[in-house]
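Taken from TrEMBL, the feature transmembrane segment applies to 6-24, 45-69, 75-100, 121-147, 183-202, 222-241, 262-286, 306-325, 372-388, 394-416, 423-447, 459-477 (among others).
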């Protein structure tokens, strides 16, 4: 009982610290740029920490250990795919993205193509970030249910309130400062506490090898098809997600964005290997965990409570909460940014109205408006998490449409000068509609599949159709308006120092 109380106390102290960082971040938040992208002032240390924190959520931390327990060393591939996405984004595109001085992915599409049709991407991005926030909220609530013996709704409400408070008060600055603590806690908890303790309990690698089958040490033990799926969904998804791009926008320079992000990517890969090794060792130290009935995610908590000493177990539980909260807060501010800057003006245009959501001439009002959006969407995410029994289904659909529908238009705009706005719009429409249609057919069983809505085929076919539409229509339509192309090239070259206002979506005069 006493040991449980100590572990609970450590988690409570961590949660109170998150609220304190919210107030600290508030003192740094003076305008729109500070609230949404931390003033674009993050140096290497802060940037690396916040990038690693936002991508390493509950699936990477708790899920990664569970995969290691179930499949052995090959359980690392989920997190390795995530780290690879960060690495590729940073080395190939982060410098360009940082120089654009924008706030959303949809703004990049408007800048590059000069077409309003590409603004539909904002709706998909809002659904993706909101579902990601709701999923993470439900995930850390499960920790509170175990620790405090609360009802699920109460755990979601309390945990959600904490994330809401520090995210709403200081925006990206508060989230960045909180991320640093979360990054340190996760690093210490996984690499310096959990890994050595559980390896020692299992008798080291020699003890593990002598007691487990060879399949646990096969690099592809989880299945080649599963590994491919991880890279298609997570690596490609990370290349274009608003939550990840918004962290790139916070970098002080293109060099920080490139190499700080690359460092975070390497860190993620090492994190995945460590998680798989922890799960592998736990298979020997705690062989009787009922994974079949309780699920693989229970392994993390079992290790924390049965192998680690009093106090250290609490810190490791705090590391799990930190992983989930960092993802939830990052997704929340991304959702609020997209909703205010992209979705509201775009939807208003359907009715012939023009809504300017920017109030940059009055920075205090602008920040206050952003706070309302974060608070409002945060409440929505909490309610979704409470009401939905399986938010993961909604997140899967949003993720599939994100990759199957938007990837080609976004990356095509960054790497192919001949790509046109009409082609981008059609590729998004074709890819999104086909992906969604196939998801429905798989979900209701019209197309037989054991995976149902989690089937991989919708993404593959959606991506292929989107790519074909983009290339063919680009070659059949006139090149992008020279004025739009010139404005884009100047920003890519870093010749434009002014930020593009959050609500701005440049449109070609020829449209």
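Using the three backbone atoms N, Cα and C, a Cβ is placed for every residue, glycine included.
Against the transmembrane segment (75-100), stretch 222-241 shows more Cβ pairs under 8 Å than any other of 6-24, 222-241, 306-325. Between the transmembrane segment (262-286) and the transmembrane segment (394-416) there are fewer than 3 Cβ pairs closer than 8 Å, counting only residues 6 or more apart in sequence, so the two stretches are not in contact. Only residues 6 or more beyond the boundaries of the transmembrane segment (459-477), in the same chain, are considered here, and those with a CB under 8 A from a CB of the stretch are 232-233, 400-401, 403-405, 407-409, 412, 416, 418-420, 422-424, 426-428, 430-432, 434-435, 438.
Only residues 6 or more beyond the boundaries of the transmembrane segment (6-24), in the same chain, are considered here, and those with a CB under 8 A from a CB of the stretch are 143, 147-148, 162-163, 165-170, 174, 177-178, 181, 185, 304-305, 310-311, 313-315, 317-318, 321-322, 325. Each of 45-69, 183-202, 222-241, 306-325 was scored by its Cβ pairs under 8 Å to the transmembrane segment (394-416), and the highest score goes to 222-241. By number of Cβ pairs under 8 Å, the transmembrane segment (183-202) is matched best by 306-325 from the list 45-69, 121-147, 222-241, 306-325, 372-388. Against the transmembrane segment (372-388), stretch 121-147 shows more Cβ pairs under 8 Å than any other of 45-69, 121-147, 222-241. Non-local neighbours of the transmembrane segment (306-325) in the same chain are 2-3, 6-11, 14-15, 18, 53, 56-58, 60-62, 136-137, 139-140, 143-144, 147, 159, 162-163, 178, 181-182, 185-186, 188-190, 193-194, 197-198, 201, 282, 285-286, 300; each lies 6+ residues outside the stretch with a CB under 8 Å from one of its CB atoms.
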